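Participant: Found this in TrEMBL, in case it helps:
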- 7-24: transmembrane segment (TRANSMEM)
- 30-51: transmembrane segment (TRANSMEM)
- 63-83: transmembrane segment (TRANSMEM)
- 89-107: transmembrane segment (TRANSMEM)
- 119-138: transmembrane segment (TRANSMEM)
- 153-171: transmembrane segment (TRANSMEM)
- 183-212: transmembrane segment (TRANSMEM)
- 187-309: domain 'O-antigen ligase-related' (DOMAIN)
- 224-245: transmembrane segment (TRANSMEM)
- 266-287: transmembrane segment (TRANSMEM)
- 293-320: transmembrane segment (TRANSMEM)
- 327-347: transmembrane segment (TRANSMEM)
- 359-376: transmembrane segment (TRANSMEM)
Amino acid sequence: MYESRWAQTLMTCGVLWFMLAIAFAPTNKIYQQGLVVFVWLPTLLVAWSARPVLAQVWHAQRALCLALIGLAAWATLSLSWSGQPLSQAKQLLYIALFVMSWPILANGRPERVVRLLQWGGLGLAVMAAAAMVRFYFIDARPLMDRLEGLGELAHPILGAYAVGIAGVWMLHWMPRERGMQALWWVALALLGAFVVFTQSRGAAVALLVTVLAMPIWRCNRQTVVISVAGLIGAGIVFWCMQAQMMSRGSSYRPELFMSSVQMIKAHPWLGLGLEAPFGVPALGIMFDHSHNLFTSVAISLGLPGLLLWSIAWFSVVVYGWRARATLLGQGLVGMWVFSTMAMQFDAASLLDTPRAEWFITWLPIAVATLLSFKTAQGEACDKISRFP
């Protein structure tokens, strides 16, 4: 059933909808409804017939699976002390269906799904261009105003995270044809410009660190040239935008971190519980979250929740590192490095409905499941660079 044309078509649309409709859908409600049609329902309907595929993920990535199951169970249990209704656990089901949909759609051919990511990256580059035209030309905003994306990517920081990680996977999965490579560099320039003009320092630092570190897991001449060019480009950008970058100071991040640690100490083992409302004080200002994903998880789910999430998250880079000889493994490590850096500066919630944060949390985990197939470790992964 999961191999039927209707299921594959719907789930293919689901991957593209997740990446692109977050920017182009008229409203967030329509975006969420599209995910129901293209991701949640198809995956739910074919999950039983796809047991062999899911069993392969289970056997190949036992640590990741156990950690995610434990995290979901602990989060559900925490509703008993958070004061929230059990219905809040439905978002955990959404996350499970999202992650499961990727190996089911791939069905032993991860290059099929990665090609969708390539198309999604091009689509986000179009979004970046449209956002810059609207913001600076149609709305006639000053050049040094913080660029806003489209739709649910309008938030400068979260929009930059989604676009930045797209730039990372596009950089790792470039096509071989020269004509397509030219298109790729244009897309990468648009994605990079979007990150710069949002003035999101967290996204910029995450992108720079990823580019500079690329030779560690992808050591070739082209990667070294890209890293050097990235360093030079970052220096030029900093020189031109130094005043804008320095004017906001540390944006309360050190104070928020220390305040978050105190909140964790107050409820170290149980946390406040899933969906329990809280505020983080810093210098007399109350923030609605800790601006750091790891401390946010610890505040909500306590140290057990933080441990389970850490096991799941760090197992992703272990799987990617083991497969670093393949294009898929290299891309996954790059996405993980970018996401890990980005999480340190701003991420409101882990266990919530689909939103921009999913690009740096559940998307890398979903991509990691593609490594469970034996073909992902061998020559089949070379097909990723063949585009279209």
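Cβ atoms are placed via backbone N, Cα and C, with glycine included.
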Participant: Which range out of 183-212, 266-287, 359-376 gives the transmembrane segment (153-171) the most CB pairs under 8 Å?
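Facilitator: Counting Cβ pairs under 8 Å, the winner is 183-212.
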Participant: Let me spell it out: take the transmembrane segment (293-320), skip the flanking residues so only those 6+ beyond its ends count, and list any with a Cβ under 8 Å from a Cβ in it.
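Facilitator: Apart from its flanks, the transmembrane segment (293-320) reaches 61, 63-64, 67-68, 70-71, 74-75, 78, 217, 257, 260-261, 263-264, 267-276, 278, 280, 329-330, 332-333, 336-337, 340, 343-344, 347-351, 357, 361, 364-365, 368, 371.
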Participant: Can you tell me which of 30-51, 63-83, 183-212, 224-245, 266-287 gets the most C-beta pairs within less than 8 Å of the transmembrane segment (7-24)?
Facilitator: 30-51
Participant: What does DSSP give as the helix, strand and coil breakdown of the domain 'O-antigen ligase-related' (187-309)?
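Facilitator: Result for the domain 'O-antigen ligase-related' (187-309), in helix, strand, coil order: 86 helix, 6 strand, 31 coil.
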Participant: Quick check: do the transmembrane segment (89-107) and the transmembrane segment (183-212) share at least 3 Cβ pairs under 8 Å, counting only pairs 6+ apart in sequence?
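Facilitator: The answer is no, given that the two segments have fewer than 3 Cβ pairs within the 8 Å cut-off.
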Participant: Determine which residues of the chain contact the transmembrane segment (63-83) at the Cβ level, with the cut-off under 8 Å and only residues 6 or more beyond its ends counted.
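Facilitator: 57, 89, 92, 95-96, 99, 270-276, 300-302, 304-305, 308-309, 311-312, 315-316, 318-319, 351, 365, 368-369.
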